[in-house]
Structure formats: structure tokens, C-alpha cells
Amino acid sequence: MFRGVGTAIVTPFKNGELDLESYERLVRYQLENGVNALIVLGTTGESPTVNEDEREKLVSRTLEIVDGKIPVIVGAGTNSTEKTLKLVKQAEKLGANGVLVVTPYYNKPTQEGLYQHYKYISERTDLGIVVYNVPGRTGVNVLPETAARIAADLKNVVGIKEANPDIDQIDRTVSLTKQARSDFMVWSGNDDRTFYLLCAGGDGVISVVSNVAPKQMVELCAEYFSGNLEKSREVHRKLRPLMKALFAETNPIPVKAALNLMGFIENELRLPLVPASEKTMELLRNVLKESGLL
């Protein structure tokens with residue numbers, strides 16, 4: 001589907017409504033700086049608080065702006081398999097290139113339940129499916145063995161966004177899934193683990209940081225793929241303060257604040273999320289200035 005950087009793009013709001021004008025500006029910023037894919041309505045896109053009509057508007061506008069230049073992957077996960085399938089079919093109808101399907105949260109399925117969830121969906125769509133493993137938010141963890149089973153059996157499940165920060169799990173997930181199917185892709189779901197995942201044989205990152213610093217995140221991956229390990233490590237180290245600052249509060253609170261400081265969007269979220277504290281705002285101002293982004 002893609003190698004490199006897929007930006008998990010924010011959803012801008014203004015006076016409680018979608019701000020498509022600011023959104024277009026942000027999408028073009030991503031395209032101009034060479035990102036390899038856009039992930040719309042993921043965690044960073046505040047998908048739980050975006051309604052069905054808004055989803056359609058946002059996905060349709062994204063596809064219009066991107067115009068086939070890079071893949072557009074749409075977040076379509078819920079904790080109901082049937083509701084998830086409904087969102088997948090909506091994305092398919094609109095012309096998305098793939099769907100990001102988070103593991104069912106709150107109801108805590110077993111490993112067999114996780115496998116059956118993805119099997120059910122994969123049998124009912126032709127879209128490429130990306131498994132999204134983020135145990136810190138969902139309460140369930142896709143074990144490397146389960147990821148490998150999915151890779152072996154479900155051919156239109158194209159990869160996994162691995163947001164478990166455990167380095168050992170990252171390594172095992174990459175190793176076992178690639179053994180099961182050589183074209184199965186593994187992307188980091190944590191910006192600060194991107195370099196480590198690449199070293200383990202992974203394929204890139206679905207990134208929050210690239211909302212703000214797309215050029216730098218693209219460079220991190222591109223240098224690695226070109227064999228310039230030291231340069232990639234250097235970019236990673238330079239980005240560390242920004243990576244840390246953008247997770248000073250719950251994502252996407254800091255990244256929206258940063259984009260506001262950069263003049264891209266209003267600093268507006270939907271409840272239960274609230275804007276960043278002044279302490280975080282000051283941290284972001286300083287880090288953005290030090291990074292040459294402000």
C-alpha cells in the first residue's frame with residue numbers, strides 16, 4: 001500500500017463545524033512535502049466525534065484534493081464488527097484506497113475474536129485493510145502470532161499499524177508477519193519508535209508528527225531505505241524533542257495546538273477533548289522555534 005510516511009491527519013473544526021478550507025491547506029502541505037499516504041479519520045482525526053455525513057464530506061474532499069497522487073486510507077474501526085463493516089463499505093463506496101481498522105475496544109475480545117473480526121470484514125470488502133493495534137487505548141493487544149495468522153490467511157489485510165511501544169513485540173511482529181507473507185507491511189504507530197521499527201525490517205510509520213513536520217519524517221524513512229542508517233538516526237534524534245512535545249497531552253490535543261501556532265488551523269477540538277494547557281502551549285512554541293517550524 002505504501003512505504004514510508006502516512007500522515008494520520010487531523011480534522012480541523014471551526015465554530016463546531018468541519019473547517020474544510022483549513023483542511024485543504026493542510027492536505028496540500030502534506031503533498032508538497034512528499035508524504036506517502038494520508039490516513040483520514042484515525043485517532044488523530046478525532047473519528048469518534050465525527051458523524052456519518054461529516055465523514056463522507058471529509059473523505060470525498062480528501063480524495064478530490066489528492067487526486068490519486070498517494071493512497072488515502074480511512075479509519076473505519078469500532079467495537080462492533082457490523083458497525084465497522086458499515087464504515088468500511090462507506091469508505092469503499094467513496095473510493096478510498098484502504099481502511100484502517102482498530103481492534104475492537106472496551107469489549108476486550110480474545111485473540112480468536114480478533115482474528116474472526118478481521119476475517120469477517122475481509123471477506124466482505126475488496127479494500128486493503130490495515131489492522132490497528134493500539135493497546136494503550138483499546139485494552140486489547142494483537143499478539144505477534146495473531147498478526148502472523150492474519151497475514152497468512154487474510155490476503156486483503158495488507159498490514160498492521162503497530163502502536164504497542166514494546167520493542168520486543170515490534171521485532172516479533174515484523175519477523176513473524178514477514179515470514180507468514182513477504183508483502184505484509186508493518187508500520188509504526190508511535191513516531192518515537194519509527195527508527196527502531198525500520199531497523200527491525202518494518203515499512204514506515206503512520207505518523208502524528210508529520211502533520212507538523214512532514215519533510216523531516218519523510219527524510220527519516222527515505223534515508224533509511226536508501227541505506228543511510230547514520231543519517232536516518234540523526235534525523236530521528238533531532239526530531240525527538242518535537243516527538244515528545246506532541247505527546248505532552250492526549251493526542252491530538254498537542255498536534256492541533258502546534259498546527260494552530262503554525263497558522264494552519266483553529267485550536268478547536270470536540271468534547272470530551274479540550275485545548276492544550278498554557279504550559280503545553282509554551283512548550284510547543286519553544287520546540288517549534290528550535291525545530292525551525294515557527
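The count begins at 1 with the first shown residue.
Cβ coordinates are placed from backbone N, Cα and C, and glycine is handled just like the others.
Here Swiss-Prot flags T43 (among others) as site 'Part of a proton relay during catalysis', drawing on sequence analysis. Within 10 Å of the Cβ of T43 (site 'Part of a proton relay during catalysis') there are 24 other Cβ atoms, across all protein chains. In the three-state DSSP scheme, T43 (site 'Part of a proton relay during catalysis') falls into the coil class.
A C-beta separation below 8 Å, combined with a sequence spacing of at least six in one chain, links T44 (pyruvate binding site) to A8, I9, V10, V208, N211, N251, P252, V255. The pyruvate binding site feature in Swiss-Prot is assigned to T44, I206; the stated evidence is sequence analysis.
Annotation note: Y106 (site 'Part of a proton relay during catalysis') sits in a coil segment as assigned by DSSP. Residues within less than 8 Å, Cβ to Cβ, of Y106 (site 'Part of a proton relay during catalysis') and separated from it by at least 6 positions along the same chain comprise N79, T138, G139. Positions annotated as site 'Part of a proton relay during catalysis' by Swiss-Prot, on the basis of sequence analysis: Y106 (among others).
Feature annotation from Swiss-Prot assigns active site, proton donor/acceptor to Y132. Residues near Y132 (active site, proton donor/acceptor) in space but far in sequence (CB under 8 A, at least 6 apart, same chain), listed by position: G42, G75, G77, L100, V101, V102, T103, I160, K161, A163, G189.
K161 (active site, schiff-base intermediate with substrate) falls within a strand segment according to DSSP. Annotated active site, schiff-base intermediate with substrate per Swiss-Prot: K161, in sequence order.
On a Cα basis, I206 (pyruvate binding site) lies 11 Å away from T43 (site 'Part of a proton relay during catalysis'). Annotation for I206 (pyruvate binding site): spatial neighbours G6, T7, A8, I39, G42, L100, V130, K161, W187, S188, G189, criterion Cβ-Cβ under 8 Å with sequence separation of six or more.
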